[in-house]
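Copied from TrEMBL, the annotated features are:
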| type | residues | note |
| --- | --- | --- |
| TRANSMEM | B:6-27 | transmembrane segment |
| TRANSMEM | B:39-56 | transmembrane segment |
| TRANSMEM | B:88-107 | transmembrane segment |
| TRANSMEM | B:132-153 | transmembrane segment |
| TRANSMEM | B:180-200 | transmembrane segment |
| TRANSMEM | B:206-225 | transmembrane segment |
| TRANSMEM | B:237-257 | transmembrane segment |
| TRANSMEM | B:269-286 | transmembrane segment |
Amino acid sequence: MIVVEDIHVTFGRGTPLEKHALRGVDLTIPEGEFVTVIGSNGAGKSTFLGSLAGDVLAEQGRISIDGTDVTRWDTPRRAGLVARVFQDPMAGSCATLTIEENMALAAARGRRRGLASALGGDRRKGFRDRIAALGLGLENRLHDRMGLLSGGQRQAVSLLMATLAGSKILLLDEHTAALDPATADFVLDLTRRIVRDNRLTTLMVTHSMRQALDYGDRTLMLHEGRVVLDVAGEERAGLDVPHLLALFARQRGGAEISDDSLLIG
Amino acid sequence: MTEIALFGAIEIGLVYALVAIGVYLSFRILDFPDLTVDGSFPLGAAVCAVLLIAGVNPWLASLAAALAGAAAGLVTATLNVRFKILHLLASILTMIALFSVNLRVMGRPNVALLMQDTVLTPFYGLGIPDHIVRPLVVGVIVAVVVLLLARFLGSEFGLAMRATGVNARMARAQGVDTDAHVYAGIALSNALTGLAGALFAQTNGFADVTTGIGTIVVGLAAVIVGETVLPARALALALVGCVAGSILYRLAVQLALSADAIGLQASDLNLVTAVLVAVALILPRLKAKASRSTKAAR
Ligand SMILES: Nc1ncnc2c1ncn2[C@@H]1O[C@H](COP(=O)(O)OP(=O)(O)OP(=O)(O)O)[C@@H](O)[C@H]1O
Ligand SMILES: [Mg+2]
């Protein structure tokens, strides 16, 4: 379970470019819930996921994961609890290391890394079995460098890597945005399967309203650093894309008005 | 080239192979251009020479030289990681500081090792000519280092170090403390360089503060020659490539110096090496440019 209490994040504090990117986010995400996150560019979605992963530390508020206060933990320390897949397929793996080396890196996430061989024992066989289950034929390419894979293959392997260390939280930041539609669908289906099989608590950022409603159990809309829509269950089931678009537009309109009033005030 | 000159070239190539491996660790694996080696090489030589004169066991003296190198590397890594000084500048600061430190360690610009026992001493009496004993002993040490290092880089810790150099953001997301791996890698790189300095002092019979000048360029040249003759993806082979590159580089230098027609002097070495490295760095760009313009022409 993730509990977020009133977190604030400001970039470039005290400079002319100061940006108050998160302005009091309050959320409780129960174990095993699959949450989709939408919002316009600059709404703070990536910043929010980053604050859960430890990339940005909240200057105010509290974050706890499974009852542990992790507010001040940095990224490597939180990695034992949180796995991620990035938007850029290049970002989530090491291009010049082999597929199996990337998997070995991920399998040791959150553990002390010692001098034991990273690929010793029956590790290789374990990796081969896991990657064969993707159905991409990659089990015969474990010695290939990661950089040789296509973007979709890399994202698929990244998803698999996220499950190797047994952490229970998965953060996906537009992880299909760089893929062509067919590949994106494949990766999304894989996401659904992996989330279900491993019972992961998941946050998935997307720019597609369709995906936001089709996948997962709950949908959040962020706007200017706040959660402006939070729907689940019946209410969410009754929503369709035009509804959501209308809500989205209203949020943006509302924001413009408040901006104006700020100027006048 | 005489037989003595040939084995001499192999010997010095093997000594500098440790530098090449150190440079490979910093430049290639950690993507951290580290010039500290210009200081840590003579530091290793100085520490070893002074300890030998004080009667310390040669193996212990060599170990101390490696540790001194590691300490120098830690200074550079601290300046960069902790205090955010650009890696190149951080290493130049350490390198300059080490020049003074090395003078302090020796108490004068150079120290001769005449009667002192070295790691080579026990092997001189075996009936093998001295000029062959030296590369043999150094070669065995280099082989042990290559084996241990290949094993290390294939370990979980070593893999995390490689990931730190390739994609630090990903490494951190996988729970790797990237700062710790930069400290460890730069320390290890300079420990190897310090050890090379110690072997240099013992095979040549002296330590001199000026021997450090250009160490980085020689190390880089060896790495580049190695990558050219042995373009290997596998890590162990890449390390062997560093060794091969270092030896080939020395043989080429020896050939060039012994060919009177060229008229090169030993003192021209740094110029020649710098030109060689520059050309090796420029060539891939020119090639890329050429292939782009031929594509554009089509
Ligand atoms: N490292 C940073 N330094 C300064 N400002 C930043 C930084 N990261 C994000 N911001 C700013 O914070 C705001 C929120 O950015 P964020 O990346 O979270 O938006 P997003 O909702 O993910 O947008 P997108 O849909 O474009 O990915 C933006 O105004 C952005 O410019
Ligand atoms: Mg974003």
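Glycine too: its Cβ is placed from the backbone N, Cα and C atoms.
TrEMBL labels come from automatic prediction, so no person has curated them.
Source: prediction; values computed, not measured.
Two recorded stretches are said to be in contact when at least 3 C-beta pairs lie under 8 angstroms, sequence spacing 6 or more; the transmembrane segment (B:88-107) and the transmembrane segment (B:206-225) meet this definition. Most Cβ pairs under 8 Å with the transmembrane segment (B:132-153) belong to B:6-27, among the candidate stretches B:6-27, B:180-200, B:206-225. Looking at B:6-27, B:206-225, B:237-257, B:269-286, the range that has the most CB pairs within less than 8 A of the transmembrane segment (B:180-200) turns out to be B:6-27. In terms of C-beta pairs under 8 Å, the stretch of B:6-27, B:237-257, B:269-286 lying closest in packing to the transmembrane segment (B:206-225) is B:6-27.
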